């Protein structure tokens with residue numbers, strides 16, 4: 001929240017027939033903490049200033065400059081926000097890593113022309129690049145955790161040793177970024193292909209994948225739980241919770257589909273191997289392509305056995321044309337993928353299969369092979385657990401969202417019924433509706449003071465001190481007070497919301513509270529003589545109700561509340577902190593030594609709207625007297641000076657009229673002589 005500029009306070013005088021229009025621009029919101037009050041910068045546009053009164057008082061020294069204090073608490077808060085944003089990014093990076101790893105399976109493919117197994121080189125390069133970029137984020141997080149371990153410990157070396165010895169810390173963070181899939185894909189699989197062991201490739205690939213993928217899932221869940229334990233939430237909104245659950249379900253379907261595709265290629269390779277054994281002049285090396293890593297070259301095989309094998313239509317018809325001629329079981333859909341050159345279809349169909357399998361709990365055909373049976377059991381059991389958790393979590397999130405809206409709708413129905421029963425005017429009804437809508441838009445049905453009211457006193461005071469300190473320090477009246485006084489003030493302020501056009505205080509009414517504006521603008525108007533009004537604008541950082549200070553510090557003390565010297569009207573939706581009269585009395589009585597300081601008294605006089613109005617009128621009156629004297633001096637060369645007894649000229653009559661119109665009641669000098 002920025003302090004108002006010099007243009008935030010404009011004073012003007014207007015008769016009943018004169019209207020003054022103010023053109024204001026809405027404030028831009030910078031950000032809101034999940035459990036704190038809003039802090040935003042407000043800027044006012046230029047306003048029309050036609051009178052000398054506004055020129056004297058609106059332009060020079062009325063506002064105060066914004067204060068940018070780099071305190072330790074604000075620095076820590078900024079670091080926590082940056083750390084929280086990075087943790088969210090890192091959590092999404094973990095989810096992306098879980099999505100990238102199954103893509104390595106789709107690099108394996110079967111050539112339809114030569115009926116041999118190969119590695120798709122360009123696809124393998126793309127997946128490896130994605131995995132390396134994801135590993136860089138993990139390395140950066142590893143560096144941040146290693147650095148944070150030094151800051152948390154008094155001595156850097158013990159902090160490092162503790163983090164390095166933590167099995168679930170450093171070693172788990174390091175294990176999840178080991179390039180195991182890259183080594184298997186680029187080193188192990190080409191070697192095995194050259195050896196001709198095509199069915200063993202899938203077993204090797206699947207085992208090494210699970211060795212790292214399962215700890216990676218545990219690592220991601222651990223990051224998620226750590227964020228929840230640290231801050232109580234992850235992204236701060238319910239819809240992000242639903243989105244994370246859908247991401248988890250989608251990643252699980254993607255992983256299940258990738259394993260299904262790999263096992264389907266293994267079944268197709270086994271079919272080719274069986275056909276090779278029953279074919280003369282066929283050796284196992286023929287089942288692996290001459291180039292294990294294929295980049296799309298058009299070189300044709302020259303060896304005669306490979307040419308003969310490529311023209312074996314019976315094998316192609318049995319293994320690759322249709323799943324009906326071989327016992328594929330649950331992998332029969334993979335027949336249309338293993339030799340498919342469209343990479344997008346090769347990735348999307350397994351994801352669809354995974355979503356369908358994990359959500360329907362059945363409709364799977366299976367053979368008697370134990371690997372296939374175990375895979376089907378794991379898929380169905382995981383589907384039951386995931387769907388149960390997904391539906392349960394989404395139901396909880398939706399209830400958390402809709403319950404507040406339902407409570408708001410019920411309250412509005414009750415208010416509408418009550419207003420109709422009492423036959424309130426339409427204007428009153430609209431004001432009530434506007435207030436309820438603004439209150440809901442500001443806090444979404446959450447009463448933060450009701451939430452912290454039942455907390456222990458120490459926690460409650462610390463929380464309110466944290467929430468309100470920066471806002472209270474923006475008030476110039478409190479800039480010269482110590483932390484003990486500010487802590488008591490923060491403990492007693494209350495958040496208030498006013499809709500546009502609300503009359504907060506009428507001139508002459510007892511002052512109930514002091515208001516410290518956080519957002520929005522108020523118009524303070526004071527009626528002078530003959531119906532003339534003096535108006536000023538109060539914006540973020542301003543305060544009103546300073547009559548309570550002189551009332552509390554006056555001796556002897558008078559129980560009657562002081563009258564308000566001006567009327568306050570909201571020009572837009574306004575948020576403010578209020579300090580009730582009893583709370584002002586408590587603070588001033590217990591910390592009277594603070595309010596007798598000369599700096600505090602000067603601030604109270606300088607920023608008081610009443611004193612500013614009187615000063616502006618006095619300056620304008622002195623200026624007009626000076627201009628009138630200059631006019632009389634210039635006329636003295638034309639006509640002789642009249643005697644002093646006959647000085648009741650027309651100009652003097654006008655001067656008296658101006659004095660009667662512009663002179664406002666000066667604030668009591670003793671009010672600020674604490």
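In case you wondered, yes, glycine gets a Cβ from its N, Cα and C as well.
Remember, TrEMBL labels are computer predictions, not curated facts.
The model shown is predicted, which means the values in this text are computed figures rather than measured ones.
The compositional bias 'Basic and acidic residues' annotation in TrEMBL covers 1-13.
Annotation source TrEMBL lists region 'Disordered' at 1-36.
Taken from TrEMBL, the feature compositional bias 'Acidic residues' covers 14-26.
Summarising the annotation, TrEMBL assigns transmembrane segment to 89-109 (among others). Residues 117-120, 123-124, 127, 130-131, 134-135, 137-138, 141, 176, 181, 184-185, 189, 201-202, 205, 209, 212-213, 216-217, 219-220, 223-224, 227, 234, 244, 247-248, 251, 254-255, 257-259, 261-262, 265, 338-339, 343, 346-347, 350 of the same chain, all 6+ positions outside the transmembrane segment (89-109), place their C-beta atoms under 8 angstroms from a C-beta of that stretch.
The feature transmembrane segment is assigned by TrEMBL to 121-144 (among others).
If you look up TrEMBL, you'll see 170-189 (among others) marked as transmembrane segment.
TrEMBL lists 195-213 (among others) with the feature transmembrane segment.
The transmembrane segment annotation in TrEMBL covers 233-252 (among others).
Summarising the annotation, TrEMBL assigns transmembrane segment to 373-398 (among others).
For 477-556, the entry in TrEMBL reads domain 'Cyclic nucleotide-binding'.
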Using a Cβ cut-off of under 8 Å, list the residues of the same chain at least 6 residues beyond the transmembrane segment (373-398) that approach it.
-> 238-239, 241-242, 245-246, 248-249, 252, 256, 259-260, 263, 330, 357-362, 364, 366-367
Residues from the same chain, set at least six apart from the ends of the transmembrane segment (121-144), whose C-beta lies under 8 A from its own | 86, 89-90, 93, 96-97, 100-101, 103-104, 106-107, 170, 173-174, 176-177, 179, 181-182, 185-186, 293-296, 343
